[in-house]
């Protein structure tokens, strides 16, 4: 579930209020998660500040940076970081047990190219990430808010697409994935209408799951049951 507060607008684009696109269910940390938070946070954790971070200073090198919004328990994010040591990875997650789990798995995997925020993603994106600094932004399996009256809570809306674009460098990619077909249609509609993006799909809709996105256990089970997953990739132009 994605950890973002997103703005609600009326049909004329007038700002109404902010609504949560996630439900905060703060569970207790396991002993291992708590230990990981204590031991790994100094090296992998990023404390939120309202100023843009210096990526070279944070990672100690110049490299393309990938940011994931709402990484859950972090297994896939760590897998991606381990598979692509030439890239920098930043994950944002509002649920503390997920952050602890991610840090634990990252330490076990020995990755050094991953940093994580335990904070609201919209605030991080707006204030802590410099414009034009990201090579890729990932939003995998956000809450679909499948009831129609809750669609306004979906994170993928026009203002959000505009915010993501401002943080991507030219040629950078916004990669979305969902296992809810109606949400994939909503994503496609929003992203197609968003200025300054080019759909990487040759057919103008979805793409095959790229190799860089690991197949999750949940997703693999869904495949066996005949459930679909839809990937969308839009490039900043």
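Note that Cβ sites are derived from N, Cα and C of the backbone, with glycine treated the same way.
Since the structure is predicted, the reported quantities are computational estimates derived from the model, not experimental observations.
Binding site for substrate per Swiss-Prot: 147, 216, 217, 218, 219, plus 179 from the candidate set 64, 120, 179, 231. Distance noted between the C-alpha atoms of residue 93 (S-adenosyl-L-methionine binding site) and residue 218 (substrate binding site) is 19 Å. Taking only the Cα positions, the spacing between residue 147 (substrate binding site) and residue 120 (S-adenosyl-L-methionine binding site) is 24 angstrom. The secondary structure of residue 219 (substrate binding site), as reduced to three states from DSSP, is helical. For residue 68 (S-adenosyl-L-methionine binding site), the spatially nearest entry among the binding-site residues 179, 216, 217, 218, 219 is 216, judged by CA separation. Taken over all pairs of the listed substrate-binding residues (147, 179, 216, 217, 218, 219), the Cα spread reaches a maximum of 26 Å, rounded to the nearest whole number.
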